Structure formats: C-alpha cells, structure tokens
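Notes to accompany the following structure.
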Amino acid sequence: MTEITVEKLATEVGKTVDRLIEQFAQAGIKKAKADTVSESEKQQLLDFLKKQHGADAQPTKMTLQRKTVSTLSVSSGGGQSKDVKVEVRKKRTFVKRDGNEAALKAEEEARAQAEAQAKAEAEAKAKAEAEAKAKADAEAKAKAKAEAEAKAKASASAAKEQPKPVESEEAKAEAARLKSQQEEAAKSKAAQEEAAAKEKARLLAEENAARWAEEERRRIEAERYGDHHVTTSKVARAAEDSADLDDEKRGRRNRNKTQTKSKRGGKDAREGREKHMKYKSTPESMAHGFNKPVAAVTRDVRIGETVTVAELAQKMAVKATEIIKAMMKMGSMVTINQVLDQETAQLVAEEMGHKVVLLRENELEHQVLADRDDEGTTKLEPRAPVVTIMGHVDHGKTSLLDYIRRTKVAAGEAGGITQHIGAYHVETDNGMITFLDTPGHAAFTAMRARGAKATDIVILVVAADDGVMPQTIEAIQHAKAGNVPLIVAVNKMDKPEADIDRVKNELSQHGVMSEDWGGENMFCYVSAKTGQGVDELLEAILLQAEVLELKAVRDGMAAGVVIESQLDKGRGPVATVLVQEGTLRQGDIVLCGLEYGKIRAMKDENGRPIMEAGPSIPVEILGLSGVPSAGDEATVVRDERKAREVALYRQGKFRDVKLARQQKSKLENMFANMTEGEVQELNIVLKADVQGSLEAITDSLRKLSTDEVKVNIIASGVGALTETDATLAAASNAIMVGFNVRADAQARKTIESEAVDLRYYSVIYDLIDEVKSAMSGMLSPEFKQQIIGLAEVRDVFKSPKLGAIAGCMVIEGIVKRSAPIRVLRENVVIYEGELESLRRFKDDVNEVRNGMECGIGVKNYNDVRVGDQIEVFETIEVARTL
C-alpha cells in the first residue's frame, strides 16, 4: 500500500493532526505534519495504543477442574453389599507469563551474559597482549645483549668465557619482570573496563526506571482523565475476575451442604438455590473517571419576566432545594413550583454567585409596534387642546361644561353628580377644544389621574362660596404631577356669598398663585348659571394652547389612550378612545392593552356614527375582543394575527406577574392570615357599567374593611349581572351589587331560586352607605349589665327546705325572680348567682317593687347576714356601628 501523510491519516482516523503527532511521539516516532507514514510505523503506533489502552489484555490465568466419578462396592451387615459413588475432583491453575515480562527478563539475562562475556574477553585479550609484549621485549633484550657481548669479545684480546646458564637465568628473570608488569597493566585496564561497563549498566537501569515510571504515570493519568469506557473496561474485567474467584470459593464450601439439602428437600432446596443466586453478592461499584470540581462554577443565568424555582434551579445547574434554602436565609418561604418575579430571581442568582442576564421577552411586542406606517411623521400640524375639568364634588364642573356645550348633561346624571369621564369636543369661533369631565367624588382618584395624564390643560373649578376642598387639593396635585398648566375657574359668581379673596388665599397656600398676585396661573370668574365669564375662559384656554404650541401628526396610523370602557349588552365591549396622533379609521386593527380587534363601528360623543377621527377627538370604538382597562394605550397595527399574539402574551405576562405578587403577599401576611377565622367577611359580587366606576367602587369598598369585618370582593366586572355571577354569589354566600346595570332573565331566575340578596344602585354614596350598614350588622354585639333593683337584708330566717331566707326591703327599682343577682357586703360583691325563691306574705311572686318587703332565697348560698344588699341586674344587648 502506498504511504500517506500524517495529515491525511489524521483525517481518516478522525483525530486532529496535533493529537496524532503527539501519539506518534509517545510511541517513539518523530513526525511532522507533512511527513509520510509507512505501514511498519502504523503497526508500531497501533501496538503502542493497544498496549496503552489495554486492548491486548488477555486472561493470564486459567483454572481447569476435573471430576472423576467411580463406584465402590462396600459390604454391609447380613452379607449384603451396597454401591457407593466416589467422586474425585481435581483443580489445576495454569498461569500465562506476560510476554513483556519474559522479554524484559530475557533482555536482562542477555545483557548480563553480554557484560560477563565482554569482561572475560577483555581480560583474556589483555593477558595475551601482555604475555606477547613481555616475550618480545625479552627476546629483543637478549639479542641486543648477545650482540654487544659478541662485539666486546671479538675486540678484546683476551676474553673470559662466562657460563651460559647465568646469561639465560638473567634473561629469564628480566622476562618474568616484564611479564609481571604487563599483567599488572592488563589487570588495571580490565578493572577500568569493568567499572565502565558497570556504570553503563547503572545508567541504563536508571533510564529504564525513569521510562517505566513515566509510562506508569501516563497509565494512571489515562485511567483518571482518559476515555471513560477504556478505563472502566479494565476495572470491570478485574472486578469480574475477582467476583468469579470469590463465587467459586464460596460455591466449593457450600456445595456439599447444598447437594445434601437438594437430595433431601427437592423443591425447597431448588428454591433456596435460586434465592441464593438471586441475592448473591455483586462486585463493588466501578470507579469512574469524573472528578468533583473544587472551584465554584459561575454561570450566566438568563432570567425572563417570571421564572419558577424549578426553572431557576435548572438554569443555575443546582438542586431546587439549594435555592429554597437560599431564599429561606433571605427571609422568604417558597415552594419548588412557585413563580418568582424577575427582581427576586435576580437577587437569588446573584446571592448564589452567578451572573444574571435579564431577558426582554417582549421582542414581538416591540417588533409589532415598530412596524407602523411612519408616513408624514415630519409633517406636524396644529391640534386642538385636550382640557380636563377638575374640582371638588358639586362645585359645578359639569354645569359649566353643560353651558359651554349648550346641552343638559348635568340633569341626566344620577344624583346630580358625575360618575364617568365624559369626553366631548366643542367647536368655538377660535377653534376646537376637547373637554374631559372627571368626577369630583373622593372615590374617583384613579379616573382623575388618568384625565390629567391624557390632557394638555387642566381647568380647576372652585366654588366661590365653598372655597378649597379635599378633591380640589387632589386635583392640584394631579396637575403638578403631570406637569400640566393650570387655569382656575372660580364658579358660582352669581351667588351673593361668593368670596374671591378667600378662594385666592386658600389656593395660594397650595402653590396656585393668580397673575394678579404675581403668580403664573390664570384666574377666570364664571357662572355656569348665567354664563358670566365663559367666553373669557375659552379665550384663556386657546391662549394657553397657543403658548404650548400643540402639534401632532395627522396622517399615518393612529395612537391614543382609553378614557373609559364598558360592556354593552347589545354592542359588546365599547371603549372610549382619545386619539392623540394619526387618524383612526373604521376597519383599523387596534391593539389596546390586553385586548385587540378590528374596529367594526365608530361613534362620536353624541352617538352619531363616524368613519374617521383625527388628533384630540374622542371616539367610541366597537369590535374589541374584550373590555380594555381605562388608561391603556390604543395603537393601530398592521397584522391582526400578530396583534392577537401580542395580546395573548400580555395576558400571560400579566397573569404570571399577578400570581407572583399574590403569592408574595400571602407569604408576607402569613401571621395576619392566622387570625382570619376570627374576622367576619362580607362577600360582594360587583358589576358596574363602566371600568372607571368599577375601580372607584372597588377601592372605596375595600377601604371600609376593619379589624372585625372585612369586605371581600370575590368577583367584579363590567356589564350586566349574569347567571354565572348569581351562581357564584349563591355558592359563596355573597350579596350582588349592580351599579347602573341590571340582571338578565337567567340571572333573575337563579337569584329567586337561590334567594340571593340583589341590590341596584345608581349613586355611589348610597352604595357605600348601605354596605357600611351591612357591615355594622355583622359586628358582634356588645353586652351591657343594667341594675334594675336593690334590696336590703333586714333579718334572716331559717327554712328547712330552702336554708337561709333573707327578709328584705326593696329600696330601689324592682326585684324579679328570673333576673340574676349579686350579694354585696359593705359594697363589695361576695357572691353572684340567681334567686331560688321570691315570696311576699307566704305567696310566691314574680317581682316585688320599690318600698315593699319580701323574702329572698339565694340559690346555693346560705351565708346571708343582716345589712347585706342584694343587687338585681339584667344583661342587655347593644348593637354596634362602624
């Protein structure tokens, strides 16, 4: 097969190039990215990986069991014999030596043999060289000496002959000396070579030890951090072998007993064996390669508008109990399914050391509201001012507006007071003005606040004969909070008791100064009855509007605010919308708070149908999916399907947030709720004609609650009283209250059959007063003790039947037989009980009047003395009021 590069091989095996190069290096092969890989190198790498991962691990031990059964005939008494089975068992264990261990041992033996052979060869070689060198030196010396002697002998005249044996002995001695020197040199050289060989062997052993230690360390790291399945398989095999050995030993010990029992017991023994096998010990749990993190893990927790405790725990990767414990430390008791608001969840997550990312889940809402027709946004045109008339009740707000509109609105109001926000537009000679008429009663605070929010100018109506009142002050506060200019209309100037200076003085105490006194507020003096000063008031309004330079976009999609809403029986949900920009047309798709819909019809304040309405025009629209809340923003959008999605999303979010707040309120009021059983509850099902009145009545009724009687509005809504409302009232023992609405036919049947208390009202004063009287009837009555008579003991007689009888003179009031009494001695009560007998001249009587004598027997009391006083009293019930 052709050789391939490292990069291509990494692609084939599915690993990174760096990882493959690292594995080659661990196997002892140095490779670069562009180098080629041969088949032998592949095989070498494969062998290394198998060895590292333990894939080539095979059983190193094998146990063979042999069983031989023979029959032995044994004689018994009576000349008979019986056969006895003899079973011989043999067990042999064969151990397979590890190939690596054998190779290492052979390598060590070969190394030792090589070192010994090298040492012997070195010694023999050194010895032979020394002997040869000594022999050569001896021969050379002997030859030189012989030549010198021959020359000397030839040149000398007379030479003395010397014996040869001496010369040969000297040569031999010299040769022996040289030989010994050579041998010493050879031995020293051999010793040096031996020391070098030992040093080399020591270094090799150290190198091998270091290499084996490194391999052991890598194996341990691989088991700890490496592939979980590889390390687990090794441990599993080892554990399985150990368990098999234990089971086999245990089986050998118990086999004889089990076999005996099985012969005797049959089925029971079989069941015992099965039970034993069922509950036999299992190998210990295998270790895993996961290590518990020692450092705290910080996560980015994404939190929406609402989140449950379980969801928050999942996002933070902790148990829900940890969050519950953390919130208990923070002072809140929660459950696992409880909904938390965004702020609470953020506090908990940050307390537990995580980073919080707040999500904007209303992305669809922003997208829908951004996809609007912006045509002509730069083309601003003047618009009519929106004027809100505020003031105290009965100061003539509606009458003044009635004179301006030349109609009779005030006469048609129930009780002569305004209970709705009336929206009207008036054409004057100088331009159009839109008026919002707000209620003056204290219960309509929210309606006045909405009026100030949607307005450009506030007209504060103050009666010249009444001055500044609580709702006047509240209207001033609303105007200041909304940063709206204020024009003061001093009404009822036709009355003789009108006092302008008093009104100015009282208003100045609340920061409203007239221009005459150096202030910024215009004062107009008007009379709704005669029409005095009305034209000046309109001019002041238009002048203030010119100063404000009120402009709005006339073209494009409309946007406005819901002034009032109601549920009409024939028309369905009806909303009064004040257009603030754009043009509202019939057929537009409107997104209005939690509701949406296509405008089916539009009407002006007089009930006439219209097709479109521009800025600052109040209009009634029909076709919404439900009754919107007053104060909601009404916006025209393109797509009805997306408008429905946004409305449903808002409803879900509103429901979740409301639930979270209710739960929080319940937990915070836990101790207060413990005494709820002692508090009387007045349940009310309330229906009103418009949203504003419903809010006002609900708020006023809840303020009536006391420590002893609580007003509980179990259901409220806009529209007629239905059968569902009647059924709910009957089930909860509630009274039904209708404000300017009536019950339908089905509801009346249910009310009659269930005997539900139904009450209709058209004036809010009457409703509040009657609910207050109903609450008074639910108060527990007070009991008062009233003294009705006093008798003085003049003498004491003994009676065999009644014991001590007191002869008394009635000195005050009446003494009655049925009334309880007290016995007083020196004006201290010593006994309280009841009369047993009351007689006059031996006759039993029911009562004895002042100035008469009588005999009194006190029940269960005989210690009556002369001079004691007997006080007669009765307990009367006193009704309480709020």
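Each Cβ is built from the backbone N, Cα and C atoms, and glycine gets one as well.
So that you can see what the record holds, here are the features copied from Swiss-Prot:
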COMPBIAS  95-152  compositional bias 'Basic and acidic residues'
COMPBIAS  161-202  compositional bias 'Basic and acidic residues'
COMPBIAS  251-264  compositional bias 'Basic residues'
COMPBIAS  265-274  compositional bias 'Basic and acidic residues'
DOMAIN    382-551  domain 'tr-type G'
BINDING   391-398, 437-441, 491-494  GTP binding site
REGION    491-494  region 'G4'
Which of the listed binding-site residues (GLY391, ASP394, LYS397, MET493) has the least company, meaning the fewest other Cβ atoms within 10 Å of its Cβ? ASP394
For the region 'G4' (491-494), what are the same-chain contacts with Cβ under 8 Å, counting residues 6+ beyond its ends? 395-396, 399-400, 461-466, 525-530, 532-533
For ASP394 (GTP binding site), just give me the three-state DSSP call. coil
Mean pLDDT across the domain 'tr-type G' (382-551), rounded to an integer, is what? 76
Write out how many residues of the region 'G4' (491-494) are helix, how many strand and how many coil, based on DSSP. 0 helix, 1 strand, 3 coil
